[in-house]
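What TrEMBL says about this one:
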type: REGION; residues: 32-56; note: region 'Disordered'
type: DOMAIN; residues: 173-450; note: domain 'ABC transporter'
type: TRANSMEM; residues: 546-567; note: transmembrane segment
type: TRANSMEM; residues: 579-599; note: transmembrane segment
type: TRANSMEM; residues: 619-652; note: transmembrane segment
type: TRANSMEM; residues: 689-711; note: transmembrane segment
type: TRANSMEM; residues: 775-798; note: transmembrane segment
type: REGION; residues: 826-854; note: region 'Disordered'
type: COMPBIAS; residues: 840-854; note: compositional bias 'Polar residues'
type: DOMAIN; residues: 882-1122; note: domain 'ABC transporter'
Amino acid sequence: MPMPESHPHAVAAAAAGLALASTSSRRSLSLGSSISQSFRQMDTEDPFGRAQSDHDDEENLRWAALEKLPTYDRMRQGILRRALDNDQQQQQRQSVEVVDIHKLAAGGDGGRALLDRLFQEDSERFLRRLRDRIDMVGIDLPTVEVRYHQLTVEADVITAGRALPTLWNAATNFLQGLIGRFGSSNKKNITILKNVNGILKPSRMTLLLGPPSSGKSTLMRALAGKLDKNLKVSGSITYCGHPISEFYPERTSAYVGQYDLHNAEMTVRETLDFSRRCLGIGARYEMIAELARRERDAGIKPDPEIDAFMKATAVQGQETNIITDLTLKVLGLDICADVIIGDEMIRGISGGQKKRVTTGEMLTGPARALFMDEISTGLDSSSTFEIVKFMRQLVHVMSETVMISLLQPPPETYNLFDDIILLSEGYIVYHGPRENILEFFESAGFRCPDRKGVADFLQEVTSKKDQQQYWYLDQEQYHYVSVPDFAERFKSFHACQQMQKELQIPFEKSKTHPAALTTRKYGLSSWESLKAVMSREQLLMKRNSFIYIFKVTQLIILALMSMTVFLRIKMPHGQIADGTKFFGALTFGLITIMFNGFAELQLTIKKLPVFYKHRDFLFFPAWTLGVANIILKVPVSFVESAVWVVLTYYVMGFAPAAGRFFRQFIAFFATHQMAMALFRFLGAVLKTMVVANTFGMFVLLIIFIFGGFVIRRNDIRPWWIWGYWASPMMYSQNAISVNEFLASRWAIPNNDTTIDAPTVGKAILKSKGLFTGEWGFWLSIGALIGFIILFNMLYLWALTYLSPSSGSNALVSEGEDDVNEMALEGRRKDARRSKDEISQVVSSDPGTNGGTNTLAQSRVTLPFQPLALCFNHVNYYVDMPAEMKEQGFTESRLQLLSDISGTFRPGVLTALVGVSGAGKTTLMDVLAGRKTSGAIEGDITLSGYPKKQETFARISGYCEQTDIHSPNVTVFESITYSAWLRLSSDIDDGTKKMFVEEVMALVELDVLRDALVGLPGVSGLSTEQRKRLTIAVELVANPSIIFMDEPTSGLDARAAAIVMRTVRNTVNTGRTVVCTIHQPSIDIFESFDELLLLKRGGQVIYAGELGRHSHKLVEYFEAIPGVPKITEGYNPATWVLEVSSPLSEARLNMNFAEIYASSVLYRKNQEVIKELSIPRSDNQDLSFPTKYSQNFYGQCAANFWKQYRSYWKNPPYNAMRYLMTCLFGLVFGTVFWQKGKNMYGPLATLMLYLKIKVSG
């Protein structure tokens, strides 16, 4: 960063003035050395006028001195007031102190205290203070206007004749593809976005809505400049009139993706710190410097707190920064800032918190346009509202351009947006002000009903299946209005015509702010980027230290074993025959070192998803990650090579000279580096574990065959001699062998006349086909260094230019079992049930055990026993986390659930609701018996009998939030497998099959019976279909009680309605169903019968019926003094979370948990619990003769059946294994052509090959 020129005397004078001001202030007040204490309002009136005057004089002196400093020094210092308490006079005084901006920017207590002070009222006032300072001196903020005109995006998809990827189908499709190359192509062109137009203006926030597969993500990626290069794009996209080819849209805008890709071992703060550091500060420093100059010229003294904050945000290159603390506070992540993110194998933050981390990554940068794709997944409605509210403030106050896509936005969140884009089937159905969208659809004959969220209405009104219920023109007969018809009708709507007029007027490029568009590719210099990546990789190595410790431990164990096999007292030297033992010991060590580098393959592949995201978003140049890994792995090679050589060299009895010892270490070190470079390269190229492991094994075997141990150079056929010279292991073998056998102790005259060599050592080398001169060692080391450079350069090339495995080419099937067609038919199977059916409350008598409930019983093939689950005064404790103990918590246990009581009854659908951290999933896990640690207190009964986990697991089902299924089986096979293992062995196969069919019909999966499950987000079933499959897999176990953890999370409004219909069908069979739910729409929320509402800390604040239109819930809370009335049309779920929030409790000075505990409703619930806790005379305690439904034979048969079908439907895996087996057989056969008389080498290699195949 350039420093402005200034006269040295002026700098000295200014510094002296600043020092004088500091000295003067110390004579009147004692200054503290820390700024971590709380700050007081600068405009607070001091009752002691003289003291206030002294403070003002002191502050003015400091400002005068600060303004005399040159820009660079002035930007590094700020002035803040710090409150001092006077206990004797019970009054407060303030001291003025100079703070180091770099220390303040680094966060810590000082930065967080400043943020607490700035956010004392609300975030909007803080943003207003920032904007007011900028406007006061006439500085314009950079703004971005995004236009897209006649934008069309197309993709080539591969059509296959058979949908299920079995081995037979895959082979047939492959042959058809080959034939198609000489005839018609098997690729078809589909259009994702169809000639769309629009303008995204600064200071306006746009909501993007649309059903699944409408093209929302494609539109966002196109506007953000992040489309796959294989897609065909036509039309124009401009930022402030400039096409995206004239700047870097990846840095001018920020795209928040749907998938949460993060390093699991890093904490939330570390993740955001890294993204903030890489994205840089943009033009922030230059703007603040210009701002300070204008203020000085105009004689304006800025708000000290705002000045200090703005200067702190302009500091670049620090590992931590105040911007991270700001982002954590805004997104509500400060409570988990120091918790690792985690993944499937590492426990970390929740799914909703991960989604907020994904959003925070992009918010830390300087981008002026934000495209945020489905940022509310996993969040409760209150958290979503707060995040969108802050984004609205950011847009309106700081003139940003923001487009957000949401799945199920509640009405209050929907109303925060200025503009709406409705996208369906690739067409823009509407793009304009939010206030006019209902007018547009009413002009087409469709009206949004009362108590229906507008966003839900918009996503359903274009659907052929859902459209008719919204037709309101009684005088006209309903007719289906297609999406193209809507798009054509919109062209004549006044909002579209106004937008078209604006599009016809080109944006004046001369009005573009110089800082609006980014022309610099990266936010940091190459050196700073390397330092940032190196710091992160070092942190990841530290967090994954177990891997490296395990590898060293493994080496030590192998070294101890080899030391006992090749013990020096058993290894004489002096004869050619003796050399064979030493040669074997050297080769074993070489193989061990080579295989020790194989772990680099998996470590590299594990990093690739996060790396691709950072690379494509221009966080850093790709080569920086490669160089950082190369440098950081040098010490690893050094330690592992040293461990092996130090432990084995003298014990095995190698040449005792110190020079030979160090030369062997150099050879092993170079070999280890070469192996790590090779497998890093293979991991970066092959990208998937299955392919990389298989091909990596093949490469290892080829290197081993031509390494000089299995077959000698003189015995290799002429057509394979190039493989010998190309094998890195050959040079390693030569280096360690030449180093050993040319030692003085092997310089004994050779008496073997069959080998023409002067010494025994050279005779051994010659007999093995190795180099026979000292030059061979250094030649081999040079060759290994060449391989290290080559493989590392190829690794850097792969990181820079190769794309992720999942390309843009889709596979569309055209056969009878076409998955997409079946899914479409599933949606069209019946006319959609009316809203009343979805949200209908099934009436039941809460005072009974469920046996006399009036239920819409569905016919079930298998009987089950309806059961009521009662829990009374349940508490749950875990050991106090070490992080909290470090923060001063002295208790030994942490209470997560506090005195929770309630009932779940047959035929009653219960919602478990609460903000993030309220303990919803924890309570379900405790009741379901899934908590294996911690202490549980209280009573849990099952129809009056104490709950026994052994039997409860047999009669209950648990649908997790994450839909985990085997990808290579069909829907029917998944459900059949569950039924096989979980239904009683007394039930015959025919009955089981009938029950499977009935369950599939119940959850509306019968038309998808032969659809492959596939991988989430890649292939197979959609998210909504996977959720229904999760329910079916549990339902087919014929449970009496089913727990569902967020069954509608991650679904759009229509898909959520389908899932809730499935849940309602399940309840109507007489089962007990409990669902945790995060962000329910009005329809979904009111489809539940009862509600168990938790507050943060695991306390109940409501348990009871919802009533029609949630009137019982509303009446309960509105009866509490001070609770505001619900607004007409407001979502009751959102309202109750808002009025019961910690902020609301603090404002009302009440505890809703205590109010509930003293209410009539609580006493009524206790009576119900008492009644249901007494066993009925006709009920018996549950018991089963065996722990599992099936015996050992039945379990084995079920697993063999499933694995057979999984392998049969996994052609890539089988093809790779068959290909590698045939390829290796071909290489193996041609290398050992007519060498059958000496089978020791081939047998050794074959054993090694089989060992790796089995272990892989």
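Here the Cβ of each residue, glycine as well, is placed from N, Cα and C on the backbone.
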Beyond the flanks of the transmembrane segment (619-652) by 6 or more, those residues with Cβ under 8 Å of it: 275, 278-279, 522-524, 526, 529-530, 532-534, 537-538, 541, 548, 551-552, 555-556, 559-560, 562-563, 566-568, 571, 582, 585, 589, 592-593, 596, 600, 604, 607, 611, 661, 664-665, 668-669, 671-673, 676-677, 680, 792, 795-796, 799-800
Mean per-residue pLDDT computed across the domain 'ABC transporter' (882-1122): 85
Intrachain neighbours beyond the transmembrane segment (775-798), with Cβ under 8 angstroms and 6 or more residues off its ends: 622-623, 626-627, 630, 663, 666-667, 670-671, 673-674, 677-678, 680-681, 684-685, 728, 731-732, 734-735, 738-739
Same-chain residues near the transmembrane segment (546-567), Cβ under 8 Å, at least 6 residues beyond its ends: 581, 584-585, 588-589, 592, 596, 599, 603, 636, 639-640, 643-644, 647-648, 651-653
Same-chain residues at least 6 beyond the ends of the transmembrane segment (689-711) whose Cβ lies under 8 Å from its Cβ atoms: 583, 587, 590-591, 594-595, 598, 601-602, 605, 678-679, 682-683, 720, 723-724, 726-730, 732-734, 737, 768-770, 1212-1213, 1216-1217, 1220, 1223-1224, 1227-1228, 1231-1232, 1235, 1241-1242, 1244-1245, 1248-1249, 1252-1253, 1256
